[in-house]
Amino acid sequence: MASMLSFSPPPLMKPMVSPILSPSVGSIHLDKKLGHSVITHVATEPRVTVPVIPPIERARPDSTSKGKISVWTSVRQERWAGELAVEGKIPLWLDGTYLRNGPGLWNIDQHHFRHLFDGYATLVRTSFNNGRVSAGHRQVESDAYKAARKNRRLCYREFSETPKPKNFISFVGELASLFTGSSLTDNANTGVIQLGDGRVLCLTETTKGSIQIDPNTLDTIGRFQYSDNLGGFIHSAHPIVTDSEFLTLLPDLVRPGYIVARMEPGSNERKIVGRVNCRGGPAPGWVHSFPVTENYVIVPEMPLRYCVRNLLQAEPTPLYKFEWHPESGSYMHVMCKASGKVVASVEVPPFVTFHFINAYEEKDEQGRVTAIIADCCEHNGDTSILDLLRLNNLRSSTGLDVLPDARVGRFRIPLDGYPIGELDAALDPEEHGRGMDMCSINPAYLGKKYRYAYACGAHRPCNFPNTLTKIDLVTKRARNWHEDGAVPSEPFFVARPGATKEDDGVVISIVSAKNGGGYALVLDASSFKELARAKFPYGLPYGLHGCWVPRK
(Lines of atoms letter the chains of each structure in order from A; the text may use other names.)
(Lines give C-alpha, C1' and ligand atoms only; values in the text may rest on other atoms or scores of the structure.)
Protein backbone atom coordinates (compact mmCIF):
# COMPACT_ATOMS: atom_id res chain seq x y z
CA MET A 1 0.00 0.00 0.00
CA ALA A 2 1.45 3.34 -1.04
CA SER A 3 1.94 5.56 1.97
CA MET A 4 0.69 9.10 2.12
CA LEU A 5 4.00 10.75 2.80
CA SER A 6 6.14 8.59 0.56
CA PHE A 7 4.06 9.60 -2.45
CA SER A 8 5.75 12.05 -4.79
CA PRO A 9 2.98 14.26 -6.16
CA PRO A 10 2.70 14.63 -9.93
CA PRO A 11 2.93 18.02 -11.61
CA LEU A 12 -0.26 19.96 -12.08
CA MET A 13 -2.48 18.16 -14.56
CA LYS A 14 -3.60 20.11 -17.58
CA PRO A 15 -7.25 20.13 -18.60
CA MET A 16 -8.10 17.74 -21.37
CA VAL A 17 -10.28 18.84 -24.29
CA SER A 18 -12.86 16.16 -25.00
CA PRO A 19 -12.67 15.14 -28.71
CA ILE A 20 -16.25 13.86 -28.82
CA LEU A 21 -18.07 17.17 -28.30
CA SER A 22 -18.63 19.61 -31.10
CA PRO A 23 -18.95 23.34 -30.37
CA SER A 24 -22.38 24.34 -29.10
CA VAL A 25 -24.00 26.40 -26.39
CA GLY A 26 -24.53 23.29 -24.33
CA SER A 27 -24.88 19.55 -24.45
CA ILE A 28 -27.82 17.33 -23.59
CA HIS A 29 -27.51 14.01 -21.79
CA LEU A 30 -29.95 11.60 -20.21
CA ASP A 31 -29.94 11.60 -16.43
CA LYS A 32 -30.80 7.98 -15.69
CA LYS A 33 -31.48 8.68 -12.04
CA LEU A 34 -33.98 11.44 -12.77
CA GLY A 35 -35.30 9.91 -15.98
CA HIS A 36 -35.15 13.10 -18.02
CA SER A 37 -32.66 15.10 -20.05
CA VAL A 38 -30.53 17.78 -18.43
CA ILE A 39 -29.01 20.75 -20.23
CA THR A 40 -25.36 21.23 -19.39
CA HIS A 41 -24.31 24.83 -20.03
CA VAL A 42 -20.78 25.84 -20.89
CA ALA A 43 -19.75 29.41 -21.37
CA THR A 44 -17.39 28.88 -24.31
CA GLU A 45 -16.52 25.97 -26.55
CA PRO A 46 -14.98 23.52 -27.11
CA ARG A 47 -16.18 22.15 -23.81
CA VAL A 48 -13.41 21.59 -21.29
CA THR A 49 -13.45 18.51 -19.12
CA VAL A 50 -10.96 17.08 -16.67
CA PRO A 51 -9.70 13.50 -16.63
CA VAL A 52 -10.59 11.41 -13.63
CA ILE A 53 -7.60 10.99 -11.34
CA PRO A 54 -6.80 7.44 -10.25
CA PRO A 55 -7.05 7.15 -6.48
CA ILE A 56 -3.89 7.38 -4.42
CA GLU A 57 -3.89 5.36 -1.22
CA ARG A 58 -3.47 8.18 1.26
CA ALA A 59 -6.08 7.19 3.81
CA ARG A 60 -8.09 4.19 4.88
CA PRO A 61 -11.64 4.86 6.03
CA ASP A 62 -12.86 3.47 9.31
CA SER A 63 -13.86 -0.18 9.05
CA THR A 64 -17.50 0.74 9.65
CA SER A 65 -17.53 3.07 6.64
CA LYS A 66 -19.96 2.15 3.88
CA GLY A 67 -20.49 3.46 0.39
CA LYS A 68 -18.22 5.58 -1.78
CA ILE A 69 -18.56 8.95 -0.11
CA SER A 70 -15.19 10.70 0.12
CA VAL A 71 -16.10 13.32 2.69
CA TRP A 72 -14.24 11.68 5.60
CA THR A 73 -11.28 10.27 3.65
CA SER A 74 -8.04 12.08 2.88
CA VAL A 75 -7.67 14.07 -0.33
CA ARG A 76 -6.30 11.86 -3.09
CA GLN A 77 -3.16 13.82 -3.91
CA GLU A 78 -1.22 16.79 -2.66
CA ARG A 79 -2.27 19.18 -5.42
CA TRP A 80 -4.42 19.47 -8.54
CA ALA A 81 -5.74 22.18 -10.87
CA GLY A 82 -8.08 22.24 -13.85
CA GLU A 83 -11.38 23.46 -15.27
CA LEU A 84 -14.73 22.10 -14.13
CA ALA A 85 -17.73 21.07 -16.19
CA VAL A 86 -20.78 23.13 -15.27
CA GLU A 87 -24.38 21.93 -15.03
CA GLY A 88 -26.82 24.83 -14.93
CA LYS A 89 -25.86 28.46 -15.37
CA ILE A 90 -23.37 30.49 -13.34
CA PRO A 91 -24.36 34.18 -13.04
CA LEU A 92 -22.07 36.21 -15.28
CA TRP A 93 -21.60 38.82 -12.54
CA LEU A 94 -19.95 36.24 -10.25
CA ASP A 95 -16.29 37.14 -10.81
CA GLY A 96 -13.68 36.08 -8.28
CA THR A 97 -12.41 33.17 -6.22
CA TYR A 98 -13.98 31.26 -3.38
CA LEU A 99 -11.30 29.78 -1.13
CA ARG A 100 -12.12 27.03 1.35
CA ASN A 101 -9.82 25.69 4.05
CA GLY A 102 -10.15 22.52 6.08
CA PRO A 103 -8.46 19.40 7.46
CA GLY A 104 -8.19 17.33 4.29
CA LEU A 105 -5.47 14.83 5.22
CA TRP A 106 -6.08 12.52 8.19
CA ASN A 107 -3.18 10.08 8.17
CA ILE A 108 0.60 9.76 8.27
CA ASP A 109 1.52 6.47 6.64
CA GLN A 110 -0.44 3.93 8.68
CA HIS A 111 -1.15 6.28 11.58
CA HIS A 112 -4.73 7.57 11.29
CA PHE A 113 -5.90 10.67 13.12
CA ARG A 114 -8.87 10.38 15.43
CA HIS A 115 -10.63 13.72 15.19
CA LEU A 116 -12.03 15.93 12.45
CA PHE A 117 -9.91 18.86 13.67
CA ASP A 118 -6.59 16.96 13.49
CA GLY A 119 -6.15 16.74 9.72
CA TYR A 120 -3.53 18.66 7.77
CA ALA A 121 -4.88 21.73 6.00
CA THR A 122 -6.07 21.46 2.41
CA LEU A 123 -6.98 24.62 0.50
CA VAL A 124 -9.56 24.41 -2.27
CA ARG A 125 -9.85 27.18 -4.87
CA THR A 126 -12.97 27.65 -7.01
CA SER A 127 -12.65 30.57 -9.44
CA PHE A 128 -15.61 32.02 -11.36
CA ASN A 129 -15.28 34.11 -14.51
CA ASN A 130 -17.74 34.75 -17.33
CA GLY A 131 -19.83 31.72 -16.42
CA ARG A 132 -16.90 29.32 -16.32
CA VAL A 133 -15.31 27.66 -13.30
CA SER A 134 -11.72 26.61 -12.72
CA ALA A 135 -10.54 24.96 -9.55
CA GLY A 136 -7.68 23.40 -7.67
CA HIS A 137 -6.52 22.21 -4.29
CA ARG A 138 -3.23 22.11 -2.44
CA GLN A 139 -1.86 21.22 0.97
CA VAL A 140 -0.83 24.15 3.16
CA GLU A 141 2.92 23.81 3.75
CA SER A 142 2.93 24.27 7.53
CA ASP A 143 5.94 23.18 9.58
CA ALA A 144 3.74 20.46 11.10
CA TYR A 145 2.85 19.05 7.68
CA LYS A 146 6.40 19.27 6.32
CA ALA A 147 7.86 17.62 9.43
CA ALA A 148 5.34 14.77 9.25
CA ARG A 149 6.08 14.26 5.57
CA LYS A 150 9.84 14.22 6.20
CA ASN A 151 9.89 12.09 9.37
CA ARG A 152 6.86 9.90 8.53
CA ARG A 153 5.36 10.50 11.95
CA LEU A 154 3.48 13.08 13.99
CA CYS A 155 5.89 15.81 15.16
CA TYR A 156 3.62 18.50 16.63
CA ARG A 157 0.63 18.56 19.00
CA GLU A 158 -2.58 18.60 16.99
CA PHE A 159 -6.11 18.99 18.38
CA SER A 160 -6.34 15.46 19.82
CA GLU A 161 -3.02 13.93 18.82
CA THR A 162 0.28 14.11 20.67
CA PRO A 163 3.68 12.88 19.44
CA LYS A 164 4.68 9.70 21.24
CA PRO A 165 7.94 10.20 23.20
CA LYS A 166 10.58 7.52 22.70
CA ASN A 167 11.78 7.59 26.31
CA PHE A 168 11.54 9.54 29.57
CA ILE A 169 14.11 12.11 28.48
CA SER A 170 12.19 12.87 25.30
CA PHE A 171 9.00 13.07 27.40
CA VAL A 172 10.59 15.75 29.61
CA GLY A 173 11.72 17.58 26.50
CA GLU A 174 8.21 17.41 25.10
CA LEU A 175 6.80 19.00 28.26
CA ALA A 176 9.40 21.76 28.10
CA SER A 177 8.58 22.44 24.45
CA LEU A 178 4.88 22.60 25.33
CA PHE A 179 5.45 25.38 27.85
CA THR A 180 7.47 27.37 25.31
CA GLY A 181 4.85 26.74 22.64
CA SER A 182 7.32 25.19 20.20
CA SER A 183 5.53 21.82 20.15
CA LEU A 184 2.12 23.32 19.37
CA THR A 185 1.00 22.83 15.80
CA ASP A 186 0.99 25.51 13.13
CA ASN A 187 -1.38 23.38 11.05
CA ALA A 188 -3.56 26.21 9.74
CA ASN A 189 -6.60 24.06 8.94
CA THR A 190 -9.52 26.12 10.24
CA GLY A 191 -10.18 29.30 8.28
CA VAL A 192 -8.94 31.50 5.46
CA ILE A 193 -9.32 35.30 5.39
CA GLN A 194 -8.37 38.23 3.20
CA LEU A 195 -6.96 41.18 5.11
CA GLY A 196 -7.89 44.73 4.18
CA ASP A 197 -4.56 45.13 2.37
CA GLY A 198 -5.21 42.06 0.17
CA ARG A 199 -2.98 39.54 1.91
CA VAL A 200 -4.62 36.13 2.40
CA LEU A 201 -4.02 34.09 5.55
CA CYS A 202 -4.90 30.59 6.66
CA LEU A 203 -5.58 30.39 10.39
CA THR A 204 -6.07 28.04 13.29
CA GLU A 205 -6.24 28.58 17.05
CA THR A 206 -2.49 28.67 17.64
CA THR A 207 -0.96 32.07 16.98
CA LYS A 208 1.95 30.46 15.13
CA GLY A 209 -0.59 28.82 12.82
CA SER A 210 -1.13 32.03 10.81
CA ILE A 211 0.20 31.28 7.34
CA GLN A 212 0.14 33.53 4.29
CA ILE A 213 -0.79 31.94 0.96
CA ASP A 214 -1.13 33.02 -2.67
CA PRO A 215 -4.86 32.88 -3.48
CA ASN A 216 -4.22 32.27 -7.20
CA THR A 217 -1.66 29.46 -7.05
CA LEU A 218 -2.39 28.30 -3.46
CA ASP A 219 1.37 28.40 -2.83
CA THR A 220 2.41 28.77 0.80
CA ILE A 221 4.29 32.07 1.10
CA GLY A 222 5.31 31.57 4.74
CA ARG A 223 4.35 32.16 8.34
CA PHE A 224 2.64 35.46 9.08
CA GLN A 225 4.83 36.98 11.76
CA TYR A 226 3.11 39.32 14.22
CA SER A 227 5.55 42.15 14.95
CA ASP A 228 4.20 43.02 18.43
CA ASN A 229 5.09 41.75 21.89
CA LEU A 230 1.64 40.63 22.99
CA GLY A 231 2.79 37.03 23.35
CA GLY A 232 0.40 34.17 23.99
CA PHE A 233 0.17 30.88 22.18
CA ILE A 234 -3.50 30.92 21.20
CA HIS A 235 -6.04 33.29 19.71
CA SER A 236 -9.53 33.19 18.28
CA ALA A 237 -9.62 31.07 15.13
CA HIS A 238 -12.13 33.55 13.68
CA PRO A 239 -11.00 37.18 13.88
CA ILE A 240 -13.30 39.96 12.69
CA VAL A 241 -11.90 41.21 9.39
CA THR A 242 -13.05 44.26 7.42
CA ASP A 243 -11.40 46.56 4.90
CA SER A 244 -10.32 48.81 7.76
CA GLU A 245 -9.36 46.51 10.64
CA PHE A 246 -8.57 43.09 12.06
CA LEU A 247 -9.92 42.34 15.55
CA THR A 248 -8.99 39.27 17.55
CA LEU A 249 -9.19 37.81 21.08
CA LEU A 250 -6.13 36.50 22.95
CA PRO A 251 -7.06 34.27 25.91
CA ASP A 252 -4.83 34.76 28.95
CA LEU A 253 -4.33 31.41 30.70
CA VAL A 254 -2.11 32.81 33.48
CA ARG A 255 -4.35 35.66 34.64
CA PRO A 256 -7.65 34.29 33.36
CA GLY A 257 -9.08 36.78 30.92
CA TYR A 258 -9.04 37.99 27.33
CA ILE A 259 -7.11 40.68 25.50
CA VAL A 260 -8.93 42.38 22.64
CA ALA A 261 -6.43 43.43 19.97
CA ARG A 262 -6.67 45.38 16.71
CA MET A 263 -4.41 45.33 13.64
CA GLU A 264 -4.58 47.87 10.81
CA PRO A 265 -4.34 46.96 7.10
CA GLY A 266 -0.75 46.76 5.90
CA SER A 267 0.54 46.19 9.43
CA ASN A 268 1.66 43.06 11.29
CA GLU A 269 1.38 44.76 14.68
CA ARG A 270 -1.56 44.01 16.95
CA LYS A 271 -2.39 46.76 19.42
CA ILE A 272 -4.35 46.28 22.63
CA VAL A 273 -7.88 47.70 22.64
CA GLY A 274 -8.65 46.50 26.17
CA ARG A 275 -8.81 43.57 28.54
CA VAL A 276 -11.64 41.54 30.05
CA ASN A 277 -11.06 39.63 33.30
CA CYS A 278 -12.87 36.31 33.69
CA ARG A 279 -15.63 36.34 36.28
CA GLY A 280 -15.55 32.62 37.05
CA GLY A 281 -13.72 29.35 36.63
CA PRO A 282 -10.07 28.30 36.76
CA ALA A 283 -9.33 29.44 33.20
CA PRO A 284 -10.90 31.45 30.39
CA GLY A 285 -13.62 29.84 28.34
CA TRP A 286 -12.93 28.64 24.83
CA VAL A 287 -13.24 31.47 22.29
CA HIS A 288 -13.34 29.93 18.83
CA SER A 289 -15.21 33.02 17.59
CA PHE A 290 -16.83 36.20 18.89
CA PRO A 291 -19.18 38.89 17.53
CA VAL A 292 -18.98 42.66 17.19
CA THR A 293 -21.43 45.52 16.67
CA GLU A 294 -20.73 48.92 15.17
CA ASN A 295 -19.43 50.24 18.49
CA TYR A 296 -18.72 47.22 20.70
CA VAL A 297 -16.75 43.98 20.90
CA ILE A 298 -18.64 41.17 22.63
CA VAL A 299 -16.42 38.75 24.57
CA PRO A 300 -18.11 35.44 25.45
CA GLU A 301 -17.07 33.59 28.59
CA MET A 302 -18.24 30.02 28.11
CA PRO A 303 -18.16 27.35 30.86
CA LEU A 304 -16.24 25.11 28.44
CA ARG A 305 -12.86 26.29 29.71
CA TYR A 306 -9.26 25.68 28.72
CA CYS A 307 -7.56 23.01 30.85
CA VAL A 308 -3.76 22.80 31.11
CA ARG A 309 -3.97 19.37 32.76
CA ASN A 310 -5.85 17.93 29.80
CA LEU A 311 -3.41 19.61 27.45
CA LEU A 312 -0.55 17.71 29.12
CA GLN A 313 -2.21 14.31 28.76
CA ALA A 314 -0.84 11.96 26.12
CA GLU A 315 -4.29 10.54 25.37
CA PRO A 316 -7.32 12.77 24.77
CA THR A 317 -10.14 13.14 27.26
CA PRO A 318 -13.77 13.39 26.01
CA LEU A 319 -13.44 17.19 26.14
CA TYR A 320 -9.87 17.21 24.77
CA LYS A 321 -8.13 20.44 25.88
CA PHE A 322 -11.14 21.70 27.80
CA GLU A 323 -13.21 21.10 30.95
CA TRP A 324 -16.90 21.79 31.57
CA HIS A 325 -17.47 24.09 34.56
CA PRO A 326 -21.17 25.06 34.61
CA GLU A 327 -20.87 25.99 38.28
CA SER A 328 -18.42 28.77 37.36
CA GLY A 329 -21.08 30.69 35.49
CA SER A 330 -21.44 31.88 31.89
CA TYR A 331 -21.01 35.52 30.92
CA MET A 332 -21.17 37.96 28.04
CA HIS A 333 -18.89 41.00 28.26
CA VAL A 334 -19.32 44.15 26.18
CA MET A 335 -16.27 46.33 25.43
CA CYS A 336 -16.35 49.75 23.80
CA LYS A 337 -14.19 49.71 20.65
CA ALA A 338 -13.17 53.32 21.03
CA SER A 339 -12.19 53.39 24.72
CA GLY A 340 -11.46 49.74 25.49
CA LYS A 341 -13.68 49.99 28.57
CA VAL A 342 -15.99 47.13 29.56
CA VAL A 343 -19.47 48.66 29.69
CA ALA A 344 -21.36 45.49 30.68
CA SER A 345 -20.68 42.00 32.06
CA VAL A 346 -23.84 39.96 32.48
CA GLU A 347 -24.47 36.39 33.50
CA VAL A 348 -26.30 34.20 30.97
CA PRO A 349 -27.47 30.56 30.92
CA PRO A 350 -24.78 27.94 30.20
CA PHE A 351 -24.03 27.72 26.48
CA VAL A 352 -21.83 25.87 23.99
CA THR A 353 -21.00 27.44 20.66
CA PHE A 354 -18.25 27.27 18.08
CA HIS A 355 -19.57 30.03 15.84
CA PHE A 356 -21.24 33.37 16.39
CA ILE A 357 -23.40 34.55 13.50
CA ASN A 358 -23.73 38.32 14.06
CA ALA A 359 -24.60 40.97 16.63
CA TYR A 360 -26.21 44.40 16.63
CA GLU A 361 -27.24 47.22 18.93
CA GLU A 362 -30.84 47.48 20.11
CA LYS A 363 -31.99 51.10 20.47
CA ASP A 364 -34.94 52.85 22.06
CA GLU A 365 -37.11 55.53 20.46
CA GLN A 366 -34.55 58.21 21.32
CA GLY A 367 -31.77 56.29 19.58
CA ARG A 368 -30.02 55.25 22.80
CA VAL A 369 -28.43 51.79 22.85
CA THR A 370 -30.29 49.74 25.44
CA ALA A 371 -29.01 46.24 24.74
CA ILE A 372 -26.86 44.08 22.49
CA ILE A 373 -28.41 41.24 20.48
CA ALA A 374 -25.90 38.49 19.66
CA ASP A 375 -26.76 35.34 17.67
CA CYS A 376 -24.79 32.11 17.54
CA CYS A 377 -25.02 28.45 16.53
CA GLU A 378 -25.74 27.10 20.01
CA HIS A 379 -25.67 23.45 21.05
CA ASN A 380 -28.11 23.72 23.97
CA GLY A 381 -25.27 23.71 26.49
CA ASP A 382 -24.31 20.19 25.35
CA THR A 383 -20.56 19.51 25.10
CA SER A 384 -20.99 16.08 23.46
CA ILE A 385 -20.65 17.63 20.00
CA LEU A 386 -16.87 17.81 20.55
CA ASP A 387 -16.39 14.09 21.03
CA LEU A 388 -18.95 13.18 18.37
CA LEU A 389 -16.69 14.80 15.79
CA ARG A 390 -14.34 11.82 16.06
CA LEU A 391 -13.69 10.41 12.60
CA ASN A 392 -14.84 6.89 13.41
CA ASN A 393 -18.23 8.31 14.35
CA LEU A 394 -18.46 10.46 11.24
CA ARG A 395 -17.52 7.52 9.02
CA SER A 396 -20.12 5.20 10.52
CA SER A 397 -23.39 4.65 8.66
CA THR A 398 -25.64 3.23 11.35
CA GLY A 399 -28.68 5.20 10.29
CA LEU A 400 -29.15 6.40 13.86
CA ASP A 401 -29.90 10.02 14.71
CA VAL A 402 -26.85 10.89 16.79
CA LEU A 403 -26.26 14.54 15.88
CA PRO A 404 -26.91 16.66 19.01
CA ASP A 405 -29.61 19.31 18.70
CA ALA A 406 -28.60 22.88 17.93
CA ARG A 407 -30.39 26.18 17.47
CA VAL A 408 -29.91 29.83 16.61
CA GLY A 409 -29.16 30.98 20.14
CA ARG A 410 -30.06 34.63 20.66
CA PHE A 411 -28.46 36.53 23.55
CA ARG A 412 -29.96 39.77 24.81
CA ILE A 413 -27.33 41.66 26.80
CA PRO A 414 -28.79 44.64 28.71
CA LEU A 415 -26.71 47.80 28.94
CA ASP A 416 -28.70 49.43 31.77
CA GLY A 417 -26.72 47.78 34.57
CA TYR A 418 -29.03 44.80 34.99
CA PRO A 419 -26.73 41.82 35.77
CA ILE A 420 -28.64 39.05 33.98
CA GLY A 421 -28.84 38.47 30.24
CA GLU A 422 -31.18 36.27 28.22
CA LEU A 423 -30.57 33.30 25.90
CA ASP A 424 -33.40 31.89 23.80
CA ALA A 425 -33.93 30.31 20.38
CA ALA A 426 -34.38 32.97 17.68
CA LEU A 427 -36.74 30.63 15.80
CA ASP A 428 -38.15 27.13 16.14
CA PRO A 429 -35.17 24.74 15.67
CA GLU A 430 -37.44 22.33 13.79
CA GLU A 431 -37.30 24.81 10.91
CA HIS A 432 -33.73 23.72 10.21
CA GLY A 433 -33.87 20.16 11.52
CA ARG A 434 -32.45 21.04 14.96
CA GLY A 435 -29.03 21.33 13.33
CA MET A 436 -27.18 24.63 13.11
CA ASP A 437 -23.53 25.42 12.41
CA MET A 438 -21.06 26.81 9.84
CA CYS A 439 -22.78 30.16 9.26
CA SER A 440 -22.36 33.19 7.04
CA ILE A 441 -24.19 36.47 6.42
CA ASN A 442 -24.08 39.32 3.94
CA PRO A 443 -20.85 41.03 5.11
CA ALA A 444 -22.41 44.46 4.55
CA TYR A 445 -24.57 43.71 7.61
CA LEU A 446 -21.70 42.79 9.95
CA GLY A 447 -22.44 44.33 13.34
CA LYS A 448 -25.77 45.70 12.12
CA LYS A 449 -29.39 44.62 12.41
CA TYR A 450 -29.87 41.88 9.84
CA ARG A 451 -32.50 39.47 8.61
CA TYR A 452 -30.84 36.52 6.89
CA ALA A 453 -28.24 33.92 7.85
CA TYR A 454 -26.98 30.90 5.93
CA ALA A 455 -25.81 27.77 7.72
CA CYS A 456 -25.67 23.98 7.73
CA GLY A 457 -28.74 22.30 9.19
CA ALA A 458 -29.95 18.72 9.53
CA HIS A 459 -32.14 16.30 7.61
CA ARG A 460 -32.58 13.60 10.22
CA PRO A 461 -31.59 10.91 11.03
CA CYS A 462 -27.95 11.96 10.64
CA ASN A 463 -24.63 12.05 12.46
CA PHE A 464 -23.49 15.37 10.96
CA PRO A 465 -25.12 18.50 9.50
CA ASN A 466 -26.21 17.51 5.98
CA THR A 467 -28.34 20.36 4.64
CA LEU A 468 -27.92 23.99 3.69
CA THR A 469 -30.40 26.33 5.32
CA LYS A 470 -31.40 29.96 4.87
CA ILE A 471 -32.70 31.48 8.10
CA ASP A 472 -35.18 34.36 8.00
CA LEU A 473 -35.04 36.00 11.43
CA VAL A 474 -38.08 38.19 10.70
CA THR A 475 -40.58 35.55 9.54
CA LYS A 476 -38.91 32.92 11.81
CA ARG A 477 -38.83 30.45 8.92
CA ALA A 478 -36.11 28.55 7.07
CA ARG A 479 -35.58 27.29 3.54
CA ASN A 480 -33.53 24.11 3.22
CA TRP A 481 -31.50 22.46 0.46
CA HIS A 482 -30.83 18.75 0.82
CA GLU A 483 -29.50 15.99 -1.43
CA ASP A 484 -29.64 12.38 -0.29
CA GLY A 485 -26.31 11.19 1.10
CA ALA A 486 -24.47 14.44 0.35
CA VAL A 487 -22.50 16.47 2.90
CA PRO A 488 -22.20 20.20 2.11
CA SER A 489 -19.64 22.50 3.69
CA GLU A 490 -20.23 26.02 4.96
CA PRO A 491 -22.61 28.02 2.74
CA PHE A 492 -20.83 31.26 1.85
CA PHE A 493 -22.79 34.34 0.77
CA VAL A 494 -21.49 36.53 -2.08
CA ALA A 495 -23.46 39.71 -2.82
CA ARG A 496 -24.30 40.78 -6.36
CA PRO A 497 -22.41 43.98 -7.25
CA GLY A 498 -24.71 46.95 -6.75
CA ALA A 499 -27.27 44.96 -4.75
CA THR A 500 -29.56 46.85 -2.39
CA LYS A 501 -31.45 43.88 -0.91
CA GLU A 502 -29.80 41.89 1.87
CA ASP A 503 -30.25 38.53 0.12
CA ASP A 504 -29.44 39.63 -3.44
CA GLY A 505 -26.56 37.36 -4.35
CA VAL A 506 -25.52 33.72 -4.35
CA VAL A 507 -24.54 31.13 -1.80
CA ILE A 508 -21.58 28.86 -2.59
CA SER A 509 -20.90 25.51 -0.93
CA ILE A 510 -18.57 22.64 -1.82
CA VAL A 511 -20.45 19.38 -1.58
CA SER A 512 -19.25 15.79 -1.16
CA ALA A 513 -21.74 13.61 -3.01
CA LYS A 514 -23.07 10.18 -2.07
CA ASN A 515 -21.48 8.56 -5.12
CA GLY A 516 -17.98 9.67 -4.17
CA GLY A 517 -17.90 12.76 -6.37
CA GLY A 518 -17.78 16.40 -5.43
CA TYR A 519 -19.00 19.69 -6.79
CA ALA A 520 -19.21 23.40 -6.10
CA LEU A 521 -22.87 24.27 -5.63
CA VAL A 522 -24.24 27.74 -6.44
CA LEU A 523 -27.64 28.65 -4.99
CA ASP A 524 -29.67 31.80 -5.57
CA ALA A 525 -29.54 33.45 -2.14
CA SER A 526 -33.04 34.89 -2.43
CA SER A 527 -35.02 31.84 -3.57
CA PHE A 528 -32.45 29.33 -2.25
CA LYS A 529 -32.87 27.33 -5.44
CA GLU A 530 -29.98 25.73 -7.28
CA LEU A 531 -28.48 27.74 -10.13
CA ALA A 532 -25.56 25.51 -11.05
CA ARG A 533 -23.06 22.94 -9.93
CA ALA A 534 -19.47 22.67 -11.12
CA LYS A 535 -18.22 19.09 -10.87
CA PHE A 536 -14.80 18.10 -9.62
CA PRO A 537 -13.27 14.98 -11.23
CA TYR A 538 -12.80 13.48 -7.77
CA GLY A 539 -14.37 13.56 -4.34
CA LEU A 540 -13.27 16.14 -1.83
CA PRO A 541 -12.96 15.68 1.93
CA TYR A 542 -14.98 17.91 4.22
CA GLY A 543 -13.81 21.49 4.63
CA LEU A 544 -14.50 24.12 7.25
CA HIS A 545 -14.45 27.83 6.44
CA GLY A 546 -13.90 30.02 3.41
CA CYS A 547 -13.60 33.54 2.06
CA TRP A 548 -14.33 35.39 -1.17
CA VAL A 549 -11.52 37.10 -3.09
CA PRO A 550 -13.01 39.38 -5.80
CA ARG A 551 -11.17 39.70 -9.07
CA LYS A 552 -9.23 42.94 -9.29
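Here the Cβ of each residue, glycine as well, is placed from N, Cα and C on the backbone.
Annotated features, as they stand in TrEMBL:
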| type | residues | note |
| --- | --- | --- |
| BINDING | H238, H288, H355, H545 | Fe cation binding site |
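When Cβ atoms from all protein chains are considered, those within 10 Å of H238 (Fe cation binding site) total 22, not counting its own. Non-local neighbourhood of H545 (Fe cation binding site): R100, N101, G102, T190, G191, V192, H238, M438, E490, each in the same chain, at least six residues away, with C-beta under 8 Å from its C-beta. Each of the binding-site residues H288, H355 was scored by other CB atoms within 10 A of its CB, and the lowest score goes to H288. Listed in chain order, the extra residues whose Cβ falls within 8 Å of the Cβ center of the Fe cation site residues H238, H288, H355, H545 are T190, G191, A237, S289, F354, F356, L544.
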